[in-house]
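The structure appears right after this line, and notes come after that.
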Amino acid sequence: MSIEIANESGIDVPEEDLVSVARFVIGRMDVHPAAELSMVLVDLDTMADLHMRWMDLPGPTDVMSFPMDELEPGGRPDSPEPGPSMLGDIVLCPEFAADQAHKAGHSLEHELALLTVHGVLHLLGYDHAEPEEEKEMFALQARLLEEWYESLREARRRAELAERDARLLGKAGFTAPGDALGPA
């Protein structure tokens, strides 16, 4: 899976987290592993221009999605596997997101992760124009975001356990994996 990110916003953000959450959601939604995604982080003026140009709405917004290929999440188990495709572009505005994060009482990093999930879901055809669609999309968005956070916690826990095990084995005279087997 190829995920390109370009930060043109002038704001330092954890790009690796945005790639991580996008990759997680794409995987959870059964999108072909060779799919491609582009993410661009822009300033307020650029986002306002895009918002007016594509949505005919004044002022900036937090996230916009521009799908490329028609994709459906999941699919039938007996259907032929689709080939790689270009999901599309997600445009994020960190400055706008920072204001939203402050109002919501959480971090910019959390807001950008949430907006990335939101953007990927739009690329996959989810929308929130109607109340029922909004309910479905926002529930899925919340579930995927929580699952991503849980996967990070689990990875951190596994790394801590591996480090602890290596320390204990080292104290007992055993070498690290990849070294000669048996006691040192």
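In case you wondered, yes, glycine gets a Cβ from its N, Cα and C as well.
Record features, source Swiss-Prot:
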{"type": "BINDING", "residues": "HIS118, HIS122, HIS128", "note": "Zn(2+) binding site"}
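Within the group of binding-site residues (HIS118, HIS122, HIS128), the Cβ with the highest number of other Cβ atoms inside 10 Å belongs to HIS118. DSSP assigns HIS118 (Zn(2+) binding site) to a helix in the three-state reduction.
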